[in-house]
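Swiss-Prot has this to say about the protein:
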ACT_SITE  C123  active site
ACT_SITE  C205  active site
DISULFID  C70-C86  disulfide bond
DISULFID  C103-C184  disulfide bond
DISULFID  C164-C177  disulfide bond
DISULFID  C258-C279  disulfide bond
DISULFID  C291-C300  disulfide bond
CARBOHYD  N104  N-linked glycosylation site
CARBOHYD  N124  N-linked glycosylation site
CARBOHYD  N213  N-linked glycosylation site
CARBOHYD  N223  N-linked glycosylation site
TOPO_DOM  1-21  topological domain 'Cytoplasmic'
TOPO_DOM  45-304  topological domain 'Extracellular'
TRANSMEM  22-44  transmembrane segment
Amino acid sequence: MANYEFSQVSGDRPGCRLSRKAQIGLGVGLLVLIALVVGIVVILLRPRSLLVWTGEPTTKHFSDIFLGRCLIYTQILRPEMRDQNCQEILSTFKGAFVSKNPCNITREDYAPLVKLVTQTIPCNKTLFWSKSKHLAHQYTWIQGKMFTLEDTLLGYIADDLRWCGDPSTSDMNYVSCPHWSENCPNNPITVFWKVISQKFAEDACGVVQVMLNGSLREPFYKNSTFGSVEVFSLDPNKVHKLQAWVMHDIEGASSNACSSSSLNELKMIVQKRNMIFACVDNYRPARFLQCVKNPEHPSCRLNT
């Protein structure tokens, strides 16, 4: 038998060892991969810039003001609505425009809000206005039984506030919001007022009133909210008469009255929709409010 010599074998199995050059290359590749992943994470987590607009931003402390007005209205002014959930109303309101491009808001975005907040206005108690907001609000406040849109819950809450969102954040935009002149008609404020104005008109019944500014060249302005939305949203099956109160500034010129071409245009629209139209120049109860600041004016004399 042949004699064989066996050499001692190490306990470790022989393996394929990378060259130093390959190890360096692998390390560099791993570092590049880590850097790439970190870079992507940083980009994704970095706050994106807000869209820049020329209009005023969301009103400061918006949510606090919203909730405060809601509570005042439901708990003090109209306690019959005390069961309304103000937090839910705020959340639903924000859901219409937060995290969205403020120029792409639709009527459907506010549909959940309109469905959530229901309010019944008594027949014969609806007062629309156009270019006469201050006097109309004075009148309903003193009269106590009539409602402008801003005397309803949603109108009261949103009156004179500004708001918008941005696609890059779940918060409201407190830096800037679109101005109506920026070719942005579908902004959250404009769409909101159109939606609730339409609902306000659709719900009206009996005899309705509109207060117009007779000191303007066109007391009835077709492009106003009343002229483009509300008058066409009245339901002739529920509203049988519209009365226009054409109010002139006491110190201004009374260049337009119920016989003007502007009011005749409104009359034609109303009558074509099978409703009765009536017009009063300087409706006396509202005139008295104007006379509070100008008691000596000739038009404020009792025999005038």
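Glycine is no exception: its Cβ is also placed from the backbone N, Cα and C atoms.
Feature annotations (Swiss-Prot) mapped to structure.
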| residue | record | Cβ within 10 Å |
| --- | --- | --- |
| C86 | disulfide bond | 19 |
| N104 | N-linked glycosylation site | 14 |
| C123 | active site | 13 |
| N124 | N-linked glycosylation site | 15 |
| C164 | disulfide bond | 28 |
| C177 | disulfide bond | 26 |
| C184 | disulfide bond | 19 |
| N213 | N-linked glycosylation site | 22 |
| C291 | disulfide bond | 17 |
| C300 | disulfide bond | 16 |
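Between the C-alpha atoms of C205 (active site) and C258 (disulfide bond), the distance comes to 23 Å. Neighbours of N104 (N-linked glycosylation site) among the recorded positions C70, C164, C184, N213, C258, C300, defined as a Cα within 10 Å of its Cα, are C184. The recorded positions shown are C103, N213, C279, C291; of these, the one with its CA atom nearest the CA of C123 (active site) is C279. Rounded to a whole number, the distance between the Cα atoms of C103 (disulfide bond) and C177 (disulfide bond) is 10 Å. Separation of the C-alpha atoms of C300 (disulfide bond) and C103 (disulfide bond): 47 Å, rounded to the nearest whole number. C205 (active site) falls outside any helix or strand according to DSSP and counts as coil. Its own atom aside, the Cβ of C103 (disulfide bond) has 16 Cβ atoms within 10 angstroms in the protein chains shown.
Taking Cα separation as the measure, C258 (disulfide bond) is nearest to N213 of the recorded positions C86, C103, N124, N213, N223.
Checked against N213 (N-linked glycosylation site), the disulfide-bonded residues C70, C86, C164, C279, C291 differ in C-alpha distance, with C279 being the nearest.
The two recorded residues, N124 (N-linked glycosylation site) and C86 (disulfide bond), have Cα atoms 28 Å apart. In the three-state DSSP scheme, N213 (N-linked glycosylation site) falls into the strand class.
The Cβ neighbour count for C205 (active site), using a 10 Å radius over every protein chain in view, is 19. If you take the Cα of C70 (disulfide bond) and the Cα of N223 (N-linked glycosylation site), they are about 30 angstrom apart, rounded to a whole number.
Of all the disulfide-bonded residues listed here (C86, C164, C291), C164 has the Cα closest to the Cα of C103 (disulfide bond). Taking Cα separation as the measure, C291 (disulfide bond) is nearest to N223 of the recorded positions C86, C184, N223.
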